[in-house]
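Report on the following structure.
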Amino acid sequence: MSSFVPTVSDPSDFAHCSEPRLVEFDSLLRCHICKEYQTAPVLTTCGHSYCSVCIRKYLIHTAKCPICSKEIREANLQRNVLLEQVVICFKTLRDDLLEKLTVESKVDDRQRRGSCEVIEIDDNVEVDDELEIVSETKKRRNVGQGGLESLFKRKKTPPKVGPLGTCPICAKQFPIRVLESEHIDLCLNTPLLEQDKDSIVPKESEHSYQKLTKLDFSSLSNTTLKQKLAKLELPTNGNRNQLESRYNEYLILWNANCDSIVPKDPKVLRRQLAQWESSLKFRKDDHDRQLDKKGWSDLIKQARNSKMKTREEQDDAQVESIDIMSTNEEDDSNLITSAQPQNCSIQASTQESTDHERVFAD
Amino acid sequence: MATKRLMKEYNSIQKALSDTQEYENIVSLEPTGDLFSWCGVIRGPSNSPFQAGTWKIKIEVPQNYPIAPPKMKFVNKLCHPNVNFQTGEICLDILQNQWTPAWTLLTTMSAILLLLQDPEPTSPLNIDISNLLKSGDIKAYNGLIRFYTHKYAIDSV
């Protein structure tokens, strides 16, 4: 399990960088339900924001805001475009930010020793982030001047000690010692692509996705429900319950996707639906398999017992004893071989179901 | 959704317990086996009759967490108005109808710690100790708790 953990991002990742106040900023951008960065955030009537999927799923269970417990309705959820842009912007910057802020603190120490004074700007990064959204020219200029570090550190006074040299990459002046030991490496490692990119914040795209409506299942026949699912290119297998819950889950995924400024392709949603369904199946399978192990040994016992009975009956019928022994041996081996194919057929059926899911995902 | 969130919680719990003083009375909070069964250990707050005791709390996380609340139970015996002395069941609104996904396992554990210091005698699971509290006999209340703490919760974990 521990091998999974490092891949999980957490606000406390910022706790040990040179700007620990980013912990708070990071946690503000997260959904209170899934603890992930908000995807397609929606605003409730009480002013709180959650991932569209999370809050929709929760409202089916309890029609209250998870933070303030005020009554809210799914129909009143409003998309929160600015927040989504801020989240996307921060997500794009996050890794660089973390790396630079951890590297920066080391570089800082050395630069200070080289009597190069660097001060931290009091403004929170969040302000800078927002500025970036409004004015792209500012961002580009900053990036041009030496990457993200210029967003956080500005030189108060030019370095006083040591001869200056010009960096061949960013054309800025640095004390030669700093230039040789740190700066050129840092400058070379800053991807040039970043400078060319127009904006990291996606513009609101115009999409033609219409929200789906809830169905009144009681008035729907099986065939019409299947038609509805087929129209959405969803699988139509399974019993009535499966059909209904499949539609409901897809309804949530689809409507949440409509709230996003960068909606995913319906194919992606269908894959998510397939994953959801297979996770349900997996849970059930797990349960079944446990039963199976016990079940099989019980079945074998039963079979042995019934064999013993028939053997006794056959004894009663006074068939020649040698023949019985041989037939019984045969029967036993028959039993074992007959048991094995059955076992295989179970594996085959699970194989089948995964195959089916693959088809489903495609 | 549940697994991912629990992984996140696991990650932040380890950091929060080692980095901050806020959760000094939570000794540990870890999954046992898989991510859906956890075990937590709390220490009695120092200004309370529960002082010096340590209690183990067994946590079962449902598959639809965080939409549904986790189930929490005391493992070793605790004498408290809102805790069933025999079963360890906890009467706490956020573990039942007041649960919201904004709570985490860690914040729920702190809520239980707060319940230790701030009992609610109007909805008791341990009638005897809550009657002592209701009648205002604080000396007996504290004494009885101290007795059971020493009997069941010293070196218990």
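Note: Cβ is positioned from N, Cα and C throughout, glycine not excepted.
Here TrEMBL flags A:334-352 as compositional bias 'Polar residues'.
Feature annotation from TrEMBL assigns compositional bias 'Basic and acidic residues' to A:353-362.
Annotation comment: TrEMBL describes A:31-69 as domain 'RING-type'. Outside the domain 'RING-type' (A:31-69) by six or more residues, the chain places 76-80, 83-84, 87, 90-91, 252-253, 255-257, 259-261 with a CB less than 8 A from a CB of the stretch.
Residues or ranges marked as domain 'SAP' by TrEMBL: A:217-251.
Among the features that TrEMBL reports, region 'Disordered' is placed at A:325-362.
Here the domain 'SAP' (A:217-251) is broken down by DSSP into helix, strand and coil counts: 25 helix, 0 strand, 10 coil. Within the domain 'RING-type' (A:31-69), the DSSP-based counts of helix, strand and coil residues read 10 helix, 8 strand, 21 coil. Per-residue pLDDT, averaged over the domain 'SAP' (A:217-251), rounds to 89.
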